[in-house]
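**Q** Sharing a structure, written as structure tokens. Questions coming.
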Amino acid sequence: MNIINNSENVCTGVKIWLCICCIGILIMVFIGGITRLTHSGLSITEWNPVIGIFPPVTEKMWIAEKIKYMATPEYKYITSNITLTEFKKLYLIEYFHRLLGRIVGLVFLIPFLYFMYKQKLSKNLIHRFILIAFLILVQGVMGWYMVKSGLIDRPHVSHYRLAMHLLLALAIFYLLWKHFLLSVVHQIKCNIKVTNTSVFYIIISLITIQITCGALVAGLNAGLLSKDIPFLSDKVGLNDLLFIKPWWHNIYNNPITVQFIHEVIALLILIIAVITLLVLKVRIFPMYLLLALLLIQLTLGILTFIYNVPIILASLHQVTAFILFASSIYLLHYVKLLQIKYVENKI
């Protein structure tokens, strides 16, 4: 994750484009959370990248779509009493999510082709943006692969595929955000000496793991479990955390264990961030920003858990995780600039 040596000078148009793409990903993540929490994701049973742009418009078309939905496990086991009006609401949420995905893809692709044609991008950037375009395509396929897992024999999607879908979004967001930072943040004014960047890589790694764990929590509906804290309550203990055999399967299949790990990692990130600020004395704006976002995210997470995963709170919790990740990348970028400035001053 060397984001300093690859600095690029690009025109203002490219900077604005990258910023818009990053915002587009964040909106997608937020809408994706709403789609999952309203149980809308399985309402569209086919994947038509081109024809799927057009929603049903007549009553006959809507009935045809509902008949397809009636063949799904979700309808058979959970929503068998759903009315056509209720089905339309679910369908349109999933439709909007897919449509927004197409729009974000085009918002990236069309300006990319334009800037490449106008020779506004270096060869290195062109190669990296081709990778991003490929990942966006893969993300579309992954989204359908995830949905398909809930159309066969279970009324819910695979939590593994859900996690992969979210991680692909994170990878795309990281690449876009990294290049935006490289194009915007070149110089800094403070002169703090930072000799070691290991702690910042640790923070980024833990946030990435935490986002993955959060996806598993969502996929396993772990947020709806008992609010008793393991080891601090007589109701939840070691046997509940490790009841699946072999024991390591609990890490990604046991909702109680996954939720517990999610909480532990959150506290660990907070402790490391506070130590970095107070003990290592990395008192710079990006560090304060990270800590503020971390406190906001912890508050959102606690409220989401206490109030049994309300849709808006849980969706905000999901998108704030990406913003927190972005702030950690910004922090690392800033620290590396500090190191370069320190070396230049010595010379």
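Glycine is no exception: its Cβ is also placed from the backbone N, Cα and C atoms.
Heads up, here are the entries from Swiss-Prot:
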- H262, H317: heme binding site (BINDING)
- 14-34: transmembrane segment (TRANSMEM)
- 96-116: transmembrane segment (TRANSMEM)
- 129-149: transmembrane segment (TRANSMEM)
- 162-182: transmembrane segment (TRANSMEM)
- 199-219: transmembrane segment (TRANSMEM)
- 260-280: transmembrane segment (TRANSMEM)
- 287-307: transmembrane segment (TRANSMEM)
- 311-331: transmembrane segment (TRANSMEM)
**Q** Please figure out which one of 14-34, 162-182, 260-280, 311-331 racks up the most CB pairs under 8 Å against the transmembrane segment (199-219).
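**A** Stretch with maximum Cβ contacts: 260-280.
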**Q** Among the binding-site residues listed here, H262, H317, which has the most company in the form of other Cβ atoms within 10 Å of its Cβ?
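**A** Going through H262, H317 one by one, the largest Cβ count within 10 Å is at H317.
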**Q** Using a Cβ cut-off under 8 Å, which residues of the same chain at least 6 positions beyond either end of the transmembrane segment (311-331) come close to it?
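**A** Contacts of the transmembrane segment (311-331) (Cβ under 8 Å, skipping residues fewer than 6 from its ends): 1, 3, 22, 25-26, 29-34, 37-38, 169-170, 173-174, 177-178, 181, 185, 200, 203-204, 207-208, 210-211, 214, 218, 223, 284, 286-287, 289-290, 293-294, 296-297, 300-301, 303-304.
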